[in-house]
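What follows is a set of notes on a single structure, which appears directly below.
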Amino acid sequence: MRNWHGEGIWYGADYNPEQWPEQTWAEDIDLMRRAGVNLVSVGIFSWALLEPAPGRYVFDWLDRAIDLLHDGGIGVDLATATASPPPWLAHRHPETLPRRADGTVLWPGGRQAYCPSSPVFRGHSLALVEAVARRYARHPAVVLWHVSNELGCHNVHCYCDVSAESFRGWLRERYGDLDSLNAAWGTAFWSQRYHDWAEINPPRTAPTFANPTQQLDFLRFSSDEQRAQLRAERELLNRLVPQPVTTNFMIGTGIKYLDYHSWAADVDVVANDHYLTAADPQPQVNLALAADHTRGVAGGAPWLLMEHSTSAVNWQPRNVAKTPGQMRRNSLAHVARGADGVLFFQWRASRAGAEKFHSALVPHAGPDTKVFREVCRLGADLRALAEVRGSRVDADVAILFDYEAWWGAELDSHPSVDVTYTDRLSALHAALWRAGITADVVHPSADLSRYRLVLAPTLYLVRDADAAALRRFVEGGGTAVVTYFSGIVDEHDHIRLGGYPGAFRDLLGVRVEEFFPLRDGETVHLDDGARADVWTEWLHAEGAEVLAAYTDGPLPGVPALTRHAVGAGAAWYVGTRLDDDATDRLVARLLTETGVRPPVGAPAGVEVVRRRSADRSWLFVVNHTGRPVRLAVSGVELLGGTRCDGELEVPAGEVAVVREQPAPVPATA
Ligand code: GAL
């Protein structure tokens, strides 16, 4: 891994000078300096300007822009510029256009209109990467390379003939022979047996439900195809340039089809884009989940927030602006959770194009604005936090997350459309957030030994090795919690027979003989006072202690919540969809049982996260409430807060960061 760290926290934005007359550039640099910007992503959507005709490259404008940035002391995260091909590519090679499952062609005119499996696209894109890399490899402004942009954001699934051929190649690699494929896909069902590789296609629009394993493999293949572009560009860059390489992931906010856990090793630094959902009344909780997941993908290492927004976006139905102070809380919450860089989309709000109503660091109204003043304040804040760079986030709790389990759990023809993969993940994470506990969101194959509590929400598809690892974690003294519709199938989406939740039945000491999903809006109650909906199941405790049973609904008297002592630890099972109050109570019990505590007691709505280096630790306190709060924190204040009767007072809506003295001993030490 090449080092991507600078002297402090990176701060900046996508910078698109090509959208502006050159007279604006000098003002841009002045304003960037005023704001404390030290890194900008350049050239992301510049292919059509850099290569106006195949093989003819025009770099003079980019030379001037990068030189200007360098003179201003601003680093460059240089794009390979392959994110969106120029119109000439599709015009000359219409076969590079992607197709939907029903055959609809996706035409140029927006962005990312290419088939990810197209060798023609690959060839042209790599030629561009080589030209850009050769030109700027030694430029002193370049500190990082940015492959493409949000790979697979709009074109992750292509069903064209080129993709079909590539899918067949991928399947040959995976299965070797047709018998293995037929067995894995369960093609004895519905007369689906394949006798020739040429008979196999992507799961194109069919009269009814397509084969689930075919669907699952196509999703795996599609994620791998996008990763193949990343790998191809990175390999070339590694040969031609000395700087580190990244690309921006889209972890959180519902992006489902790219298996970032499997991509992490292909970048020198994990970078993520995160946008708030305007309709979400508490977007800071989802932000925390996205950040905790990004850190999990990065293996706990610091990461880069490559994009977020200073205020409103343009692509939601109602694009709500950020209230005063909200951007700062958002940015610093990302830093609290491991980001060593805070970048935005984009520097200057566009005057033309589909994103002209998207906020920026410099709004249409110019620098004399709330947004730009907050941008300058944030720049100063991040400078004050330089010493935090490189430190890690304390977490005693892990939540298991597997993109393949997500894909599998939400395939069609399942017991209930109301069972969605991220539902319990969000609910449990939010309950932890309310309790002041930071969790790492990690892949089931991650090393669990450093955690005290591991949650497995809706882990529908699980590999034998990962189920065994969870068992070892519990035997060794850990506490695990598994929620309904987990452990159901193997990696081929074949049911694990003998009773649900197959892979976890022994660990949990329960056996489910039948699912009893609830009707839309139907609720049930448990004898511990909990309310639940969506899901119930006919469960037998076989070794587990019953903590709560249904009092009504289709299964009165049947256990809903159990705990099984295993080795030195315990495994809990939640067989229904508890409401938020009941989830809070469950989490409180788990925290008591495991001794996991927040870094410091804080009132509701106040987020406290600890980062730690070898010999120091820092507490980030984000006050999301509308009133000042006081916390028992002592140390050196790097940011915000005032001392009041020996306590740290953090004003309404503000953020404080304190270097703790003395640094507390890690809980797991
Ligand atoms: C991202 C993308 C940016 C910009 C931004 C708007 O998905 O990478 O180029 O479109 O969204 O929010």
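The backbone N, Cα and C atoms fix where each Cβ goes, glycine too.
Taken straight from TrEMBL:
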- 14-384: domain 'Glycoside hydrolase family 42 N-terminal' (DOMAIN)
- CYS115, CYS158, CYS160: Zn(2+) binding site (BINDING)
- GLU150: active site, proton donor (ACT_SITE)
- GLU307: active site, nucleophile (ACT_SITE)
- 395-596: domain 'Beta-galactosidase trimerisation' (DOMAIN)
- 605-660: domain 'Beta-galactosidase C-terminal' (DOMAIN)
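Shown on the structure are the features that TrEMBL records.
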residue: CYS115; record: Zn(2+) binding site; Cβ neighbours (10 Å): 25
residue: GLU150; record: active site, proton donor; Cβ neighbours (10 Å): 20
residue: CYS158; record: Zn(2+) binding site; Cβ neighbours (10 Å): 24
residue: CYS160; record: Zn(2+) binding site; Cβ neighbours (10 Å): 22
residue: GLU307; record: active site, nucleophile; Cβ neighbours (10 Å): 21
Residue pair GLU307 (active site, nucleophile), the residue listed as 'active site, proton donor' - Cα distance, angstrom, rounded: 10
Rounded inter-Cα distance in Å - CYS158 (Zn(2+) binding site), GLU150 (active site, proton donor): 16
Filtered recorded positions, from CYS115, GLU150, CYS158, CYS160, whose Cβ is under 6 Å from an atom of ligand 1: GLU150
Overall pLDDT for the domain 'Beta-galactosidase trimerisation' (395-596), taken as the rounded mean: 98
Neighbours of CYS115, CYS158, CYS160 excl. site residues, C-beta within 8 Å of centre, Zn(2+): LEU97, PRO98, ARG99, TYR114, PRO116, SER117, SER118, ASN155, TYR159, VAL162, SER163
Rounded inter-Cα distance in Å - the residue listed as 'active site, proton donor', CYS115 (Zn(2+) binding site): 15
For the residue listed as 'active site, proton donor': DSSP state (helix, strand, coil): coil
Local backbone state of CYS160 (Zn(2+) binding site), from DSSP in three classes: coil
The domain 'Beta-galactosidase C-terminal' (605-660), counted residue by residue under DSSP: helix, strand, coil: 0 helix, 35 strand, 21 coil
